[in-house]
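Copied from TrEMBL, the annotated features are:
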- Glu296: active site, proton acceptor (ACT_SITE)
- His295, His299, Glu318: Zn(2+) binding site (BINDING)
- 29-188: domain 'Aminopeptidase N-like N-terminal' (DOMAIN)
- 223-440: domain 'Peptidase M1 membrane alanine aminopeptidase' (DOMAIN)
- 521-812: domain 'ERAP1-like C-terminal' (DOMAIN)
- Tyr381: site 'Transition state stabilizer' (SITE)
Amino acid sequence: MAVGAVGPGSSPVPASELWRILSRGCTWVKQATNQIVMNCADIDIITASYAPEGDEEIHATGFNYQNEDEKVTLSFPSTLQKGTGTLKIDFVGELNDKMKGFYRSKYTTPSGETRYAAVTQFEATDARRAFPCWDEPAIKATFDISLVVPKDRVALSNMNVIDRKPYPDDENLVEVKFAQTPIMSTYLVAFVVGEYDFVETRSLDGVLVRVYTPVSKAEQGKFALEVAAKTLPFYKDYFSVPYPLPKIDLIAIADFAAGAMENWGLVTYRETALLIDPKNSCSSSRQWVALVVGHELAHQWFGNLVTMEWWTHLWLNEGFASWIEYLCVDHCFPEYDIWTQFVSADYTRAQELDALDNSHPIEVSVGHPSEVDEIFDAISYSKGASVIRMLHDYIGDEDFRKGMNLYLTKFQQKNAATEDLWESLEKASGKPIAAVMNTWTKQMGFPLIYVEAEQQEEDKVLKLVQKKFCASGPYTGEDCPLWMIPISICTSDDPTCAKMQVLMDKSELTVVLKDVKPDQWVKLNLGTVGFYRTKYSPDMLESLIPAIKDLTLPPVDRLGLQNDLFSLARAGIISTVEVLKVMEAFVNEPNYTVWSDLSCNLGILSTLLSHTDFYEEIQVFVKDVFSPIGERLGWDPKPGEGHLDALLRGLVLGKLGKAGHKATLEEARRRFKDHVEGKHILSADLRSPVYVTVLKHGDSTTLDTMLKLHKQADMQEEKNRIERVLGAISQPELVQKVLTFALSEEVRPQDTVSVIGGVAGGSKQGRKAAWKFVKDNWEELYNRYQGGFLISRLIKLSVDGFANDKMAAEVKPITCHTDDQPVDLEIKCFICADDLCITAQNTGFDHVEKSLSKELISLTSYYTEN
């Protein structure tokens, strides 16, 4: 297909909102007809014609738009005979502000002038908003793209520029022609017109790599350039398949709904997912950029070279890329301990969602295009990544790589389904991959394994029972689903190596561990790789506590163990008091990710108790738990500290500051004052904890100062950093001021969600205020995001952890807009989660409140003394 924009007689992009395109494509008419039906949305066709090969053009006489189905029917005065021909369409559209299709992105020049770039975002079904097409992943074509643009603008597309010449009708315009693309799906087409600087290099395998940045910020593209240049040869070696294009561009877009988009050869990013300022970017931002770059470049093979045949198999794209991005970052930055962070960021996140009654399988049948956005969620991404990680461990790296090469080689430039991947991996490994993995991708949920141990002379005999894990409580259904579970078991002899690996393919299994003495502990799920939770018998759990205390158990296993315990308590399977007793074992914990997950779980407990007087005791407990590690870390980096120390310091100081720890609050205020006055600028890693602390205990002057810092910030990372913590302010009138600010011109449309979510997560009063604000402004918010995934995220952040029936009941009707726009899958899960919060409050805590209080007093004393 040839696509040319902007056609004669139209205004130049991006100075005007109007654009005009002439598209021409080779078309195959399968059977005689006088109509052609295509996908088309928000554009007006001027003329259309079809020329059979070797014959005269036949001009269309009518265009019937089916707006609801996003289609157009072209009617012709005579029959189009079977065979090939050229379909030519001239049409006009308008650059929208919805961050999808062909849209405009606002930016500010170094001189302060507001201008617009013209950019595209086509996944999942928005190529049809830029040109009429058959907008399905399995209908592939090559694309010859030309753009007519102002001569002082940068024009980019999927392929390299092969010609740039003056446009004959206007001396201020140039026509830029790009090389023909490989055969590809419409959702991967991209073009960008705007003002940009760039940095460039060549990867070891010879690919030209460029990172495009806002004007005068090329320095901020160097870190992503370094990551991309390392990533391309890593994937080439891992897949044994070269990157097939001559170049790859990575570009920062000011207004961008998603984190990034893997357009083949032209990857688009939010500024915060691509740009790193050596002086003003924090450690977590560097890690985030590395992960996102790794994710999107993985798609160049897994998604672009081989594409899912239909959206049902979306998880093949996203789950795989979400797994291998960690493999890539671990290769580039081993000091990040990134696989432990994976467990906290993706694995447990997926389990929380997948334990709900309203979850869905990894593979979801998709009918109408409007349903596609619903499956861009933690199940497709994070559970998908987690089961791929489990599969990789089950197969082994060597056979996994062989299978991936078979798959990519067989289906390159084609489409594939989940079963095709299983077939390739099965050939490479000789293991029953399809049988195992179908239990994980075609049914929702995951198992809880109950384990008991019995000593028989020199051997330990384990009895394993699997049942579905439900966040609502023990599974009581008659027909319990079964999973084929790869299980690895380690002992205190070697906590880093599997003593035994078994495939549990039935509801109960007995395992005999040879030569394991009575005083040796046993742990399932080595490395927290298997996608299941484990409930140990009391004596088995007790035997693991010393291994937590003396750090014999690796960090990823300590994390998995405590996360299982908190989840089992929330489900009512064990008592919260039991979990808090195990907390004593973490008094010497040094690992950032373990602390991060503990912090998250204590935060959930705090939210569940926020409607009770017991809430204050939790805050005292938090201060006493985090004080020792806070004192050891201090405020400033010490010689020899690294990436994870910086992350841990920010986490601990933020928790202490929010909880009102006196010394932390005083020091935060002092450092904030020096920062504002320019005496001593806060390091990037300290800004978030200092900002949230002074806001949590601040007043109107504090908020005004923070908003001034936001206005003055030249980097989007700093603006986002401030936006995320504004909700910490507590006074009701100031909370309203923050919410009003969220919809102001000062906040980019994609970041409004973070501001409102920050208010909702800041306090129980904030949750009420944020939800009322969402209700009062629902029409504006819904229209702004057009029902996309940002509206789902807004609902999640606004209602997460609602504390009473009345508030939760309000969520259900407001999210059902019309009969043909139902609440999507993710929002249903959020509502289900809130119902569980209410159940937990009404039934799960009343009977243990006195015991909890006693246990917290005991734990507080323990942490203080140790």
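The first residue you see is number 1, and the count goes up from there.
Yeah, the Cβs are placed from backbone N, Cα and C, and that goes for glycine too.
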Residue among binding-site residues His295, His299, Glu318 with Cα closest to the Cα of Tyr381 (site 'Transition state stabilizer'): Glu318
Close in space, distant in sequence - His295 (Zn(2+) binding site), Cβ under 8 Å, 6 or more apart: Ala260, Glu262, Ala321, Ser322, Glu325
C-alpha spacing of the residue listed as 'active site, proton acceptor' relative to Glu318 (Zn(2+) binding site), in angstrom: 10
For Glu318 (Zn(2+) binding site), the number of other Cβ atoms found within 10 Å of its own Cβ: 24
Cβ neighbours of Tyr381 (site 'Transition state stabilizer') where a neighbour is any other Cβ within 10 Å: 23
Env. residues of Zn(2+) site, Cβ within 8 Å of mean position of His295, His299, Glu318 Cβ: Glu262, Glu296, Ala298, Phe302, Gly303, Asn317, Phe320, Ala321, Ser322, Glu325
Across the domain 'Aminopeptidase N-like N-terminal' (29-188), average pLDDT on the 0 to 100 scale: 93
